[in-house]
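S.K.: Dropping the structure in here first, questions after.
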Amino acid sequence: MAQNVNFDLSHPAVEAGLESPADENVVHDSFSQLIAEQSQNEGLSDAIELQHLQGNPDDDEGRDNVAYLSPSENRGWRIGSDEAAEEDNETQTDSLLKDRWSSATLKILSSMPSRTIGRSRGAIISQYYNRTTELRRRTQKRASIKDFSRSARPSIRGYGVEVDTTDSAEKKQERLVKNLQDLSAVDRMRMLKEMPLNLSEKKDLRRLTLEMTKRTRSSSNLPCCSYLKFQIILALRHSWYSCLSFLHSLQLWQMPLKRVGGRFGSGVLSYFLFLKTLLFFNVFLFLVLGSFLVFPQAVYLPELPESRTPFTGLELLTGGGYFSNTLLYYGYYSNHTLPNCPKNNSTRPECDSRSLSYNMPLAYFFTIGLSFFITCIILVYSMSKSFGQSFRIDKSNGMLAMKVFCSWDFKVIKRSSVKLLSENICTQLKELLGDTHHRLVRNTILDKLIKLLIHGLSWTLCLGATAGCVAGIYCFSDYMHKKQESSENDSEDPGLLNEASLLALPVLVSFINLMLPILFQLTAWMEKYNSPSLRTFVSLSRNLILKVSVLGVLCFHWLKRVAGSANDDKTFKCWESFVGQDLYRFLVIDFIFSLLDTLFGELLWRLFSDKVLKRNRRPGFDIAKNVLDLIYGQTLAWLGLLFTPLLPAVQILKLLLLFYIKMSSVMMNCQAPSRPYRVSQMTTIFITLLCFPSFLGSSVCVTYTMWRLPSSGSCGPFRGNKTMIQAGKQRIAELVDENRSLSFLADAHTYLVENPLFLFVGAAIFLIVIYFQSQVVDGQRKIIALLQEQIENEGEDKKFLITRLQSVHERKRTPARNLTSQDSGC
Amino acid sequence: MGTTASQLAKDSLSEYQELTFLTKQEILLAHRRFTELLDRDERNHPNPRVPMEVILTLPELKSNPFKTRICQVFSTSEDKDGSLTFEDFLDLLSAFSDSATLEIKSHYAFRIFDFDDDGTLDCGDLEKLVNCLTGETEDTRLSSEEMRQLISNILDESDIDKDGTVNLSEFQHVISRSPDFVSSFKIVL
């Protein structure tokens, strides 16, 4: 019995100083009984020894009863144990290793709560009993005070904590069932799901809970409205489940993803999951734009000014020709309220009756804005969720335990991949072990200089190559622009060759995007890095710099040059459509070059390496490069949203094809990565890259276009040589004029959104919230450090008590046989 | 329509949905794969139990170095022979599923790694764990010196109360520091 009381020291609730008032007397009695027992027998010397070590026997006698309640008191014991350790062998108290202890001590050790929680059913039930009690306390009203017996400590009334663990299994189960019954249905189900018991026991618990619920419900008279509410909640829950199952059954590509994960592990799988995420973004954009822009325009077709050029196959690549005056581009959309009925004679059928009017310019403006806004929210949410998962508060340095416990990827099924994974883990462990040994090896100054020189050289090479290529793109785009202007000035009929020459710029850009990363890889080979993650970061940043500068110069070309040279009469009559076509071309050529890269980089390289070089190792799948390519394509798609409302559809097709091509290529040609790949960290980085340079850049460009650039006069929803924002405001003013009731919206807009004070206040509040959160994180770090120290102290207490018990037992075993049975129970 | 052995009854299906982390499709798929493992005459048995060797023929478990421990942990047989009933199989899939919480996964991971079933990971458990991880071949095994150093490093890092073993709370503390654990502790049928 004393066993249960003493070893509850490790119980978390007791450590915190809480205790059931009902059990107080019992606890007090038994502890003092133990002391009394020990003082009765010859263990008196031991008790005195214990008190001696305290150095303050009188206080201790009075403090004994409450010693275990407040953790700080235990420090007194710890100091004592240190002194004791100096007397005995210090090594004995180092660890609770098995071979030194008697069978009784071993029995006690094995039934300690910290060890039973991992394996015993009763311990799990007790733990979940406590959790359900806490949950009940938090979610429901407190049980009334009068339910608890009076105690000398009214402040801890109401904290029902299970302290007595001598209950039989049935009683524990009964208490748990009672608690479960009092929880709400949702909480109950969550608790049942989270219990690490086997299914038959969970079924029993559930059955008992439902029986009890039925009994209590039939005995009490529920008013009819709460019964109805209960039924409604049940029906809602059932429909929610069926909804979830339906969504789950729509799982796209489940089998291929499982095969890839089974063969290559989580790293390569994360690329395909990223592709799937991008696909869903584009599907969402397509649905929004399609339903609000494309569909109404398709229903009410505008009049076509000139005859269409016939369809040749080249349109699929260039996006011009047959496609120029279609729903694909900005220029096709009308700038009137649909249906466009002239005031006098109208021959169109939809103008006769009072059909619904649809203000196309306003719809265009708001749809684009809304889609960008929702995409922004989704991106920021997923980025913060991903960041929150991978950010850890306590800055502990140990990687070894984490590697050993967490690095096995259970998804990997194929035998060769399992072998590869084992080799991978072995290498990592050896490296980490070697690190801890050889951290003291210092390089000479010369070595460091040489290393610095090599790094500087490779960085200069990479940045120089990037700058050179960007300058090349700038000059070439200038040349192409002038050529285009002159050709438009000269003749009316462009000709097929002229159309094909429009493809030159996209081909050049994609070629640079393909070749320069190879150069970066070659320079990375000659460098030596301390850690593989540093290597990955450097290569990622170089590729990123390349792509950002390429996109920057292209945006300059479109927004400054093309839009700037727009002239209503002659050149670039409809510059938005031209930019849209350019983006379409870029997207398609980028796809073609990805195909070529897969073909040459993976298939041919594998054949070459198998047949010619006769090596067994296949090329690895470069995850970072492929993800950056995906992000680049998505940036193009976002840039083109304003100019080409159907671009998400093109992107969807591209992603679908890319998925199947990459999947088959990876399965046929590549092997699992031989370097460690930290999936969660890299996924966070990729989502951040998708949000910050990619989405932010494209939204900045679109905002700039809407705000500053005058729209062309002859095409599109915003004809009239004003900027889109001005045109939009004008439309809103017209709308407000028509319906007086919407005037409050306009007023709200003027006073809130355009008022800079509002934005300042909003930004200030945001910064304050961030500051508070960072303070909270700091505080949590301190608490973690404190708690670790406390656990160490408790561990010392545990060791001390076990060794004392062992010595008491040994001392009693020899002289007094009749007391052994009593003591072994202690 | 059929007996409960060959066809899952509707109320058991909804019960399993409530008590595990699996969706309806996953439970039905599990039922199908489980009945494929049974012999023809066993299929009409009310609660058939599949011996461990047959379970280990599943492709998802065949090459896993922890396959015997997994079967032993989830098995409810009295002989501790690792045989699984359908409900044990569902328990297994639920713990390894997508939506299982970190706590359930770390609990079962701890039990899988606890080779001697004593509730803590001591040096023997850790050694067996590392050997499972690094594989069976001679060139990937760690030398005894490296093993000793590795185990002492692990205990230094993760044993907070310094009792020489890693108990469940300490294990969960280490696991919570790794964001990759939840995604790698998954088996999908």
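Quick reminder: no glycine exception, Cβ is built from N, Cα and C everywhere.
Automated prediction, rather than curation, is the source of TrEMBL annotations.
Pulled the feature table from TrEMBL, pasting it below:
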type     : residues  : note
DOMAIN   : A:574-680 : domain 'TMC'
REGION   : A:53-93   : region 'Disordered'
TRANSMEM : A:268-295 : transmembrane segment
TRANSMEM : A:362-382 : transmembrane segment
TRANSMEM : A:452-480 : transmembrane segment
TRANSMEM : A:500-523 : transmembrane segment
TRANSMEM : A:583-605 : transmembrane segment
TRANSMEM : A:682-707 : transmembrane segment
TRANSMEM : A:751-772 : transmembrane segment
S.K.: May I ask which of the stretches A:452-480, A:583-605, A:682-707 has the most CB pairs under 8 A with the transmembrane segment (A:268-295)?
M.R.: A:682-707
S.K.: Mind checking how the domain 'TMC' (A:574-680) divides into helix, strand and coil residues in DSSP?
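M.R.: Per-class counts: 80 helix, 2 strand, 25 coil.
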S.K.: At a C-beta cut-off of under 8 Å, are there same-chain residues at least 6 beyond the transmembrane segment (A:452-480) that contact it? List them, or none.
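M.R.: Beyond its ends, the transmembrane segment (A:452-480) has Cβ neighbours at 501-502, 504-505, 508-509, 512, 516, 519-520, 523-524, 526-528, 542, 545-546, 549-550, 552-554, 556-557, 561.
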S.K.: Where does the mean pLDDT land for the domain 'TMC' (A:574-680)?
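M.R.: Residues in the domain 'TMC' (A:574-680) carry a mean pLDDT of 86 in this prediction.
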